[in-house]
Amino acid sequence: MLLSSLLFIPLLGILLICAGRSHERSTVFALSASAAQARRSRNNKTSGFAAASSDFAHSSKSSSGHSFNILKLIALGTSILNLIISLVIYISFDFSSNQFQFVQEYHDMSFFDIYLGIDGLSIYFVLLTTIIMPIALLSNWNSITENITSYLIIMLLLETLLLAVFLVLDILLFYIFFESILPPLFLLIGLFGSGNKVRASFYIFLYTLGSSLFLLLAILTMSSIMGTTDFDALFKTNFDYTTQLFIFCGVFIAIAVKTPTIFLNNWLLRAHVESPLGGSIVLAAIVLKLSLYGIFRLILPILPKASLNYTYIVYLIGVITIIYASFSTLRTTDVKELIAYSSVSHAAVYLIAEFSNTIQGIEGSILLGLGHGFVSSGLFICAGGVLYDRSGTRNIAFYRGMAQLMPLFSVLFFILCLANCGTPLTLNFVGEFMSLYGAFERLPILGALAASSIVLSAAYTIYMFNRIAFGGSFSKFFEENISDVNKREFFILFILVSFTVLFGIYPSFILDGLHYSVSTLIYSIS
């Protein structure tokens, strides 16, 4: 029941939030009735009316604020409970087995059966999701002031759907949950975003929906040939080469949009810039990893011949994406957009590493994906949370002298920037080094070109930090008595920095659990 608990606990949190909201409305109604009664008892005198109205407004505001805090605590509590359950699963997991574990079957559904399971690859994505979701909720703790109930419901629903993608053992259910993430993201950006939020939400909707049609066509092809959509059965299938090429094209188009690669990344940039902080964190840390996980599930074990023969094209697309995204940072003035371009560049690196067909490359892609989840979340909190909340702007030209005004923030921001560059003793360094090593082993020339990401990422990341932390005189957007990070912001950033540095110093904590699953995956490709 552990895996199903991961899916049902956020849904239970949604029910509690809805119940709490209904109770708050009844309380406000009761306060309104008491105010009306007080008004009548004072014979409709003007002073009495003003006093009653004032009492009602004060009571209503106090009750509403207290109620919203309770709703936030409910959402945070359910996400933390999910994190605890995922840690229990991790501790109980047998990493010496290549089989799906904690398997649960539900045969009482009207249209299809549901199978849940977890293996040595998916368990790390589950942990990443359950770690990031509480952080995403805490990041917008004070900045979301309207439609708070809707925001909390959307975030918890996203957690359930994301976890379902990593837990289902059926390719059709994988597709359903893979695409069902789109409506909550659409609402999250459209309702709680800024600027051109409606335009950004339609971009993500149209790009993702268009690519999903190709993925659906590929899944229907596999289902019609095999007569099943079960992962285990498909892993043992050997499609002919022509069929593999056809299916590969359909799946890879969807993966390329989710990664995203060059010419298909416009939706991500707009979504990151206009999304609320919690949405940017979920997008960068978890949603982008759906492409990483999708390759492990749909391409490498099921389409081995096509993946090997299309490696050159994938590498070429990845290298162009790295160079394009890195140089695009030179023209942007929005700090969130700069971090978004950085995400595109790092995603292209682990995309290349996945197709290296080497243990180092595939393990490195997972480490880099996890590291990017922690670091990108921290950078978005620094830029879209700490700085934006204090200045009201994301224009990098207006950030100067933060090292003197906010020394604690600058230290945490500096560590995250070093990790984003791939500096030693960080998880990103281990992941990037192993990824590029595997890519170089597979195709030396394109692997060497992909290694340019090290220099390019260092260039734009150091530029960003130098411009914000130093950069001359103080900006007019900041007061000289501006506050440093508060306890909530420090706690969030410290957690992310700790994970990045801890796993960078001791990567075997993750690698030891990956060896057997990755070796089995490479054996199936061969």
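Positions of Cβ are set from backbone N, Cα and C atoms, glycine also.
Automatic prediction, not curation, is the source of TrEMBL annotations.
These features come from TrEMBL:
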- 170-455: domain 'NADH:quinone oxidoreductase/Mrp antiporter transmembrane' (DOMAIN)
- 1-19: signal peptide (SIGNAL)
- 70-93: transmembrane segment (TRANSMEM)
- 114-139: transmembrane segment (TRANSMEM)
- 151-178: transmembrane segment (TRANSMEM)
- 202-225: transmembrane segment (TRANSMEM)
- 245-269: transmembrane segment (TRANSMEM)
- 281-303: transmembrane segment (TRANSMEM)
- 309-327: transmembrane segment (TRANSMEM)
- 365-388: transmembrane segment (TRANSMEM)
- 408-431: transmembrane segment (TRANSMEM)
- 443-469: transmembrane segment (TRANSMEM)
- 490-511: transmembrane segment (TRANSMEM)
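Between the transmembrane segment (151-178) and the stretches 70-93, 114-139, 309-327, 365-388, 490-511, Cβ pairs under 8 Å are most numerous for 114-139.
The transmembrane segment (245-269) makes contact with the transmembrane segment (309-327): 3 or more of their CB pairs lie within 8 A, with pairs spaced 6 or more apart in sequence. The transmembrane segment (365-388) shares more Cβ pairs under 8 Å with 281-303 than with any other stretch in the list 202-225, 281-303, 443-469. Counting same-chain residues at least six beyond the ends of the transmembrane segment (281-303), those with a Cβ under 8 angstroms from any Cβ of the stretch are 121-122, 125, 128-129, 132-133, 135-136, 139, 155, 158, 162, 165-166, 171, 174, 178, 181, 185, 218, 222, 231, 234-235, 237, 239, 244, 247-248, 251-252, 254-256, 258-259, 268, 271-272, 275, 339-340, 343, 347, 350-351, 354-355, 365-366, 369, 372-374, 376-377, 380-381, 521, 524-525. By the Cβ criterion (under 8 Å, sequence separation of 6 or more), the transmembrane segment (309-327) is in contact with the transmembrane segment (443-469), since 3+ such pairs are found. The stretches the transmembrane segment (490-511) and the transmembrane segment (70-93) are not in mutual contact, being linked by fewer than three Cβ pairs under 8 Å (pairs 6 or more apart in sequence). Residues of the same chain lying 6 or more positions beyond the ends of the transmembrane segment (408-431) and with a Cβ under 8 Å from any Cβ of it are 342, 346, 350, 364-372, 374-376, 378-379, 382, 386, 402, 454, 457-458, 461-462, 464-465, 468-469, 484-485, 489-490, 493-494, 496-497, 499-501, 503-505, 507.
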